[in-house]
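Engineer: Pulled these from Swiss-Prot:
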{"type": "BINDING", "residues": "His160, His169", "note": "Cu cation A binding site"}
{"type": "BINDING", "residues": "His298, His324", "note": "Cu cation B binding site"}
{"type": "CARBOHYD", "residues": "Asn97", "note": "N-linked glycosylation site"}
{"type": "CARBOHYD", "residues": "Asn141", "note": "N-linked glycosylation site"}
{"type": "CARBOHYD", "residues": "Asn204", "note": "N-linked glycosylation site"}
{"type": "CARBOHYD", "residues": "Asn246", "note": "N-linked glycosylation site"}
{"type": "CARBOHYD", "residues": "Asn261", "note": "N-linked glycosylation site"}
{"type": "CARBOHYD", "residues": "Asn353", "note": "N-linked glycosylation site"}
{"type": "REGION", "residues": "1-21", "note": "region 'Disordered'"}
{"type": "TRANSMEM", "residues": "61-81", "note": "transmembrane segment"}
Amino acid sequence: MDNVGCEASSSRDPKGKKAVGFSPKLRVDKDCARWGNENVEEQTIGTQPTWRNHQHQTSRIRGFICATIIFVVCLGALSYIYRVDVSTTMLSTNQMNESHTAQCKNPPTRREWRGLTTGEKQEFTRSVNCLSRVPSKWGLNGTLYDDFSALHGGIGSWSHRSSSFLPWHRNALYVWEAALREHCGFNGQIPYWDWTMDWMNLANSSIWDSTEGFGGDGEVGGPITVGEGRCVVDGPFTDLRPIKYNHTYVQHCLSRGFRDNGTLGHMSGLPFRPEIIGEVRRKETFVDFEAAVEMHLHNAMHLAISGDFLALTAANDPIFYVHHAQMDHLWWQWQQENRERRLFEYNGKHMHNSTGHDASLDSMLVYGGFTEDIPVSEVMDTEKGKLCYRY
C-alpha cells in the first residue's frame, strides 16, 4: 500500500539498528513544503472507497503529514536526551511485572465500553483525569498525561506506516494502564470502543455521552482551536489542558471537530461497516492485515474526529486509548483465528523509513527512556508474560 504524503529521508542509516524510535539526522524533502492539489489515490476495501477522493481532504492529509515530519525531526533530538538518565525518568511498570510476568494463569478481560458498569466508567474517567495532575516524568512543563502524548508524537511516530504500528501501540497501552494503576489507583482494565456498533451514526454513539462517555464534539459555533476543532464543553474531560499540538507548545482546551469532508458535526461510518471489518479480518498475512487496520480504520477515525485527533499528539484526547484498544482487539481476534500461524507472525518493514523488509521478533520497540525497550516477541501473545490480558 502506497504511503500518502511526504517522506522524510535519513542522511545516515542506523547501523545494525532495528529499533522503533531510533532518531537519525533527517533531511526533509523540499516537496514536503508544498500543499498540492493532486488527488490522493483511493485506498479501497470492498466495493466502495474507504476515504473519498476529494481535493480538500487531500490537502488536509498532506498538510498534516508535512507538519508532523517537522515535529518528528525536533523530537528525534529529544529522544536521545530522554535516554541520558533513564534511572530517574523511566516510567515504572514493576508492579504489574511482578504480579503478571512470573505467571499469567487467569488473564483479565478487556471489555467494550458499553459492557462496563456506570461505576466502572466513572472509575476509568477519574483515573484519566488523575493522570493529568501527576507531574511530568520528562520534566516537561506539563503532566504525565502530556508525557504520553509527547511519547506518541515523537518516538511513536516511527511506528506508523510500518509493521511495528500494532506491537508498539499494544505495549504503549500496557504502559499507560500501568501508569493509571501506579499513580491513580486504577483497578480495572482499559476498555475498547467497538466503532463497528456505531457505524450507521458515529456522531451519536453513546461513547460521546456527557454523563457516561467521553463528552462530545467541540462547541458548536465556538472559536476554532487546534486541528480545525473547537473546545469540548461537556463530559468528564472539559478541564484537560494539553500543552502541545504536534510540534507547537500551545496550551489549549481538549478539542474535537467532527466532520465528513466538508460536513461539520457528522462522521462517515462507511469505513467501519461490518462487511469492511470482515474483509480486514480475512487478510491472510500480517503485513496486509496491519496495512488495512492502520491505513483504513485507524486513519479514517483520526480524520473524522479531528481537533486534537488530527495530529500525532492525538493522545491529548482520551478517546485515543479506547480507539487504539479496539485496533489491538482486532489484531488479537485475527491472531486467535489461526494461533498456530499468526500468534507470532511478524514481518515487513519494522520502521516507516526502513529500506527493506527487516522486521523480526527480535526487532526492538523503543520508548526513548520513558519505559523499558523490549523485543517485539514480548508483546505478541497477550495472554502470557507481562501483558496478561485477553478480549
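Cβ from N, Cα, C; glycine included.
Neighbours and distances for these, please.
Structural biologist: Around His160 (Cu cation A binding site), the same-chain residues at least 6 positions away in sequence with a Cβ under 8 Å from its Cβ are Glu294, Leu312, His352. Secondary structure at His160 (Cu cation A binding site), as computed by DSSP, is coil.
Its Cβ placed at the centre, His324 (Cu cation B binding site) has 25 other Cβ atoms within 10 Å.
According to DSSP, Asn141 (N-linked glycosylation site) sits in a coil region rather than a helix or strand.
Long-range neighbours of Asn204 (N-linked glycosylation site) (same chain, six or more residues apart, CB within less than 8 Å of its CB): Asp198.
Neighbour density for Asn246 (N-linked glycosylation site): within 10 A of its CB lie 21 other CB atoms from the protein chains shown.
Under the DSSP three-state reduction, Asn261 (N-linked glycosylation site) is assigned to coil, being neither helix nor strand.
In the three-state DSSP assignment, the secondary structure recorded for Asn353 (N-linked glycosylation site) is coil.
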Engineer: Could you state the CA-to-CA distance between Asn353 (N-linked glycosylation site) and Asn261 (N-linked glycosylation site) to the nearest Å?
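Structural biologist: The separation of the Cα atoms works out to 29 Å.
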Engineer: Identify, in sequence order, the residues in the chain of Asn141 (N-linked glycosylation site) that are 6 or more apart from it along the sequence and have a CB within less than 8 Å of its CB; answer 'none' if there are none.
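Structural biologist: Correct list: Ile243, Tyr249.
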Engineer: Could you check the glycosylation sites Asn261, Asn353 and say which one's CB has the most other CB atoms within 10 Å?
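Structural biologist: By the 10 Å Cβ neighbour count, Asn353 comes out on top.
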Engineer: Counting distance between Cα atoms, which of the recorded positions Asn246, Asn261, His298, His324 is nearest His169 (Cu cation A binding site)?
Structural biologist: His324
Engineer: What does the structure give for the C-alpha distance between Asn246 (N-linked glycosylation site) and Asn261 (N-linked glycosylation site)? Integer Å is fine.
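Structural biologist: That separation, Cα to Cα, works out to 22 Å.
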Engineer: Between the binding-site residues His169, His298, where is the Cβ count within 10 Å the lowest?
Structural biologist: His298
